[in-house]
Structures are given as C-alpha cells and as structure tokens.
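A quick write-up on the structure given underneath.
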Amino acid sequence: MSAIVDIIGREILDSRGNPTVECDVLLESGTMGRAAVPSGASTGSREAIELRDGEAGRYGGKGVLKAVEHINTEISEAIMGLDASEQAFLDKTLLELDGTDNKSRLGANAMLAVSMAVAKAAAEEAGLPLYRYFGGSGAMQLPVPMMNIVNGGAHANNSLDIQEFMIVPVSQPTFREALRCGAEVFHALKKILGDRGMSTAVGDEGGFAPNFGSNDECLSTILQAIEKAGYRAGEDVLLALDCAASEFYHDGKYQLAGEGLQLSSAEFTDYLATLADKFPIVSIEDGMHEGDWDGWKLLTERLGKKVQLVGDDLFVTNTRILKEGIEKGIANSILIKINQIGTLTETFAAIEMAKRARYTAVISHRSGETEDSTIADIAVGLNAGQIKTGSLSRSDRISKYNQLLRIEEDLGDIASYPGKSAFYNLR
C-alpha cells in the first residue's frame with residue numbers, strides 16, 4: 001500500500017505574480033509528489049471556486065493562505081494514511097469533505113493541488129511516467145498544439161476583442177516537427193511586426209499583443225508569417241480562435257469595441273462564419289456567451305460540421321453541463337481545464353463523456369500558470385489529441401511543450417501525431 005504519511009501546502013506565485021497553491025504529498029516509501037495549480041483571467045461563472053483570502057492589504061486580496069491552511073489541517077487529517085494509488089477514492093473523500101456543489105468551502109485550488117500531488121506520488125511509487133500512470137499501455141498519442149501567438153481580450157492590453165489567435169500545425173509527422181513549425185512561425189511573425197514598427201511585447205500566454213486595426217488584419221498577418229516561415233496556410237498550418245465571447249457580451253449584444261460593432265447572436269454567427277470562409281479556421285472556442293444557448297445552437301447549426309466549436313466557459317469541465325450540451329446539440333468539443341472542476345477524477349470523467357459523444361476534448365492551460373506540466377501528461381495519458389498551452393515564449397508555457405517532447409522521446413516508435421485526424425468531430 002502506498003500510504004500517505006505527510007502533506008504540505010504552501011503559497012507560491014504564478015506567471016502573473018499572483019499567489020497560487022502548491023502541495024507536496026509524501027508516501028511511506030519516501031516517494032514524493034508535488035503539484036501547483038493554475039489560475040484563469042477570463043473565467044466561466046459556473047467554474048469551481050478558487051479560494052482567495054480577500055485581504056486587501058496583502059497581494060491585493062489574492063492571497064491563498066486560507067486554501068493552504070485547509071490543506072495543512074482538514075484535508076491532511078482526512079487523507080492521511082490513505083492509499084495514494086486509489087485516486088478515485090481519494091478524490092471522493094475530498095469532495096465529501098468539502099460538501100458544496102462548487103468547492104467553495106475548501107477551495108478548488110486546495111483540492112486540485114492535493115489531487116494532482118497524490119497522483120504524481122503514486123506514479124513515482126509505481127515506477128511509471130505520469131502519462132503512463134494515467135493512461136496505461138494505450139497512452140501513445142501526442143496532442144496537436146493550438147499555439148496562441150497573438151493575444152487580445154482579457155489576456156492583453158490592446159484593441160483586439162478576440163482573446164486568442166492560434167496556429168495549429170497539422171501536416172507534420174511528429175510532435176517535435178509540429179513544435180518546430182510553431183516556433184518558426186512565431187519568429188517569422190515577430191520579424192513582420194518589428195518591420196512594421198508594431199509592438200513585439202507578449203501577453204499573459206506568451207503571444208504578441210500588438211494593436212491591429214481589426215481581427216481580419218490580425219489573421220491576414222498570421223497567414224503572412226506562416227508563408228514567411230516556409231509553410232502552407234490551410235495545409236501545413238491551420239488557424240484557431242478563442243473569442244471568449246462572454247467577455248464582450250453586454251445587454252444582449254456582442255460588442256466588438258475594437259471594430260465599433262454591436263451584434264446580435266445571429267449577426268455574430270454571420271461574423272464568425274465570414275471569418276471561417278475567408279481564413280483556414282479549424283476551431284473556434286467560446287464563440288457565444290456562456291448563457292446564450294440559443295446563440296450556441298445557431299452557431300453549431302451553421303458551422304458545426306466544418307469548424308470545431310469548443311465550449312470553455314460554456315461547459316467549465318463539468319459533466320452535468322456537458323451532458324446537457326450534448327443532448328441539445330450544442331458545440332462539438334469541450335475545453336478541459338483541471339482547475340475549473342478541481343479533481344483529476346472529475347476531469348477524466350469529462351474527457352471520457354466527450355469522447356463517447358464524439359466531441360473532442362482539448363486539454364488547456366490557464367493564463368496564470370506555473371512550471372507544473374501535468375496537463376502535458378494528461379493530454380497523452382488520456383489520448384486527448386489536442387492541447388492548448390500558449391505561445392512559443394515564456395517558460396511557464398514552454399515547460400508543457402518540453403514535457404511533451406520528453407514523452408514523445410520516451411514512447412519512441414509507438415508515438416503517434418494525429419494531425420488533422422485530431423478533429424474527428426468534423427464531418
């Protein structure tokens with residue numbers, strides 16, 4: 001038995017300089033697992049609650065000492081002595097201890113840190129790489145990366161309303177070559193922006209954050225960068241968007257302040273359809289407000305057969321909400337953010353539910369990240385097929401890409417890179 005003998009929670013800083021939670025779990029054998037949790041900027045209203053201290057004079061109220069205290073007291077007492085290899089039972093214990101629907105008592109940040117650290121300790125105890133511990137012998141597929149090379153919206157201080165403009169390398173034979181492609185396009189874009197006298201400063205997720213005149217201009221410039229790097233847009237590299245539409249939905253309208261537009265759900269559907277016709281866009285995330293299910297239905301009926309429509313704020317990694325979306329034919333993909341739900345067991349359940357319905361599952365970082373690379377192992381372990389973990393700069397993003405390189409090397413000849421087939425939800 002891999003008995004838990006010690007648990008230590010601590011407050012550390014994330015990539016934005018805000019506090020977050022880290023946890024160490026020590027097993028009887030001396031094996032240790034360590035995990036740190038991320039934090040989002042644009043968040044869905046139905047996400048599990050991230051417990052913050054609210055003490056204005058300390059970190060602007062964003063301290064996490066309460067969550068850390070929960071780890072070091074209540075949670076520690078509840079799971080001490082449990083078998084670390086019994087992940088589902090451990091997560092069930094955490095859920096029962098919290099006792100709320102949204103993890104507001106203990107905090108999803110406290111619960112997730114423990115859930116992840118236990119899994120890491122158990123994998124180490126078993127002598128298995130984390131991805132293999134998660135997925136067994138079937139874990140062999142690397143994910144297609146959606147690389148956020150231009151940041152807008154809540155992730156940057158510029159005039160772009162759409163939050164993320166991403167490149168998606170799909171023609172390469174390996175993840176290593178796909179990563180190289182992304183890096184070369186990133187550097188080509190930097191050169192283009194520099195030549196135009198535009199900012200090459202980067203946003204929260206490592207992408208550039210210049211002031212483009214429109215979303216159209218931004219996408220056109222990315223196409224130029226793809227070609228400048230020696231690749232073919234629409235063949236080697238596709239595009240993806242994260243609208244984060246809940247962030248600019250006010251008074252029943254989608255208000256694109258950067259373009260001076262106020263659009264109804266039907267008009268915004270037309271707007272996105274026009275972009276998808278003009279550019280090789282394979283995926284659109286949060287194309288409607290999380291509560292605008294009628295708008296989501298319109299968007300799905302219009303674009304759902306040729307564009308991946310990802311629900312992030314819409315589904316918040318929650319199987320109850322995802323089940324309702326599947327039944328109503330809303331979207332065709334779910335974004336998986338481990339801190340939206342708060343335990344690994346619930347995260348894996350959402351991925352499996354999506355797959356059974358032929359929805360894709362895109363494993364995702366948050367805008368506030370750490371060096372923790374667990375999501376890379378989840379992406380491979382669960383054969384998710386797609387990952388979103390930022391641009392080709394900032395070590396908090398690169399740590400996930402580098403872990404995927406190590407995993408691909410470890411898998412050797414059995415490693416596969418799905419390319420366009422990762423989008424099995426499109427017909």
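Count begins at 1; order follows the chain as displayed.
Glycine is treated like the rest: Cβ placed from N, Cα and C.
As annotated by Swiss-Prot, (2R)-2-phosphoglycerate binding site applies to GLN163, LYS337, ARG366, SER367, LYS388. Spatially close to LYS388 ((2R)-2-phosphoglycerate binding site) yet at least six residues away along the chain are PRO145, MET146, ASN148, MET166, ASP242, LEU335, VAL362, ILE363, SER364, HIS365, judged by Cβ distances under 8 angstroms. Under the three-state DSSP scheme, LYS388 ((2R)-2-phosphoglycerate binding site) falls in the strand class.
Swiss-Prot lists GLU205 with the feature active site, proton donor, giving sequence analysis as the kind of evidence. Under the three-state DSSP scheme, GLU205 (active site, proton donor) falls in the coil class.
In the three-state DSSP reading, ASP312 (Mg(2+) binding site) counts as coil. The annotation Mg(2+) binding site is assigned in Swiss-Prot to ASP242, GLU285, ASP312.
The Cβ neighbour count for LYS337 ((2R)-2-phosphoglycerate binding site), using a 10 Å radius over every protein chain in view, is 26. Mapped onto three states, the DSSP output places LYS337 ((2R)-2-phosphoglycerate binding site) in coil. Per Swiss-Prot, active site, proton acceptor is recorded for LYS337, and the stated evidence type is sequence analysis.
Closest to ARG366 ((2R)-2-phosphoglycerate binding site) by Cα-Cα distance, out of the recorded positions GLU205, GLU285, ASP312, is GLU205. The number of other Cβ atoms within 10 Å of the Cβ belonging to ASP312 (Mg(2+) binding site), over all protein chains shown, comes to 29. Within 10 Å of the C-beta of GLU205 (active site, proton donor) we count 31 further C-beta atoms, all protein chains included. Closest in space to SER367 ((2R)-2-phosphoglycerate binding site), of the recorded positions given as GLU205, GLU285, ASP312, is GLU205, taking the CA atom of each residue.
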